[in-house]
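Chemist: First, the structure itself, so that you have it in front of you.
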Amino acid sequence: MKFVLLFGVFLVTLFSYSSAEMLDDFDQADEDELLSLIEKEEARAKECTPRFYDCSHDRHSCCRSELFKDVCTCFYPEGGDNEVCTCQQPKHLKYMEKAADKAKKFGGKIKRWFG
């Protein structure tokens, strides 16, 4: 009976040790993957197209504003046959950003009043 108990404790110890090593390996792999994703994101962030610039080469390359990403909008200028695409902010998102900015300012005033 003692032999079975000692053998069981040995197996549990061995299993927990191997599980801990596997978890460490997974954590290290997750960290490496996260770092590579962050590096790619930083590299991609430098190549965004500013507002009102031509985005016909890549319609998903528009920069972000404070809260929302700008949208590549295409149109035909009056009297022209060529399509022109520029990064623009839709009006409803523009109004939402203004409302959020005013709410932040109002929240700051309330903090000062009751702070």
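Placed from the backbone N, Cα and C atoms, the Cβ positions cover glycine too.
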Chemist: Quick one: Swiss-Prot says CYS87 makes a disulfide with which of CYS62, CYS63?
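Modeler: Partner cysteine, according to Swiss-Prot: CYS62.
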Chemist: If you have Swiss-Prot open, could you say which of CYS63, CYS72 makes the disulfide with CYS48?
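Modeler: Looking through CYS63, CYS72, the record in Swiss-Prot gives CYS63 as the partner of CYS48.
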Chemist: Identify the disulfide partner of CYS74 as annotated in Swiss-Prot; candidates are CYS55, CYS85.
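Modeler: The record-listed partner cysteine is CYS85.
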Chemist: Could you work out which of the disulfide-bonded residues (CYS55, CYS62, CYS63, CYS72, CYS74) has its C-beta surrounded by the smallest number of other C-beta atoms within 10 A?
Modeler: CYS74
Chemist: Taking 10 A as the limit, how many CB atoms besides its own sit near the CB of CYS48 (disulfide bond)?
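Modeler: Excluding its own Cβ, the number within 10 Å is 18.
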Chemist: Can you tell me the CA-to-CA distance separating CYS72 (disulfide bond) and CYS87 (disulfide bond), as a whole number of Å?
Modeler: 4
Chemist: Among all the protein chains here, how many other CB atoms are within 10 A of the CB of CYS85 (disulfide bond)?
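Modeler: Excluding its own Cβ, the number within 10 Å is 18.
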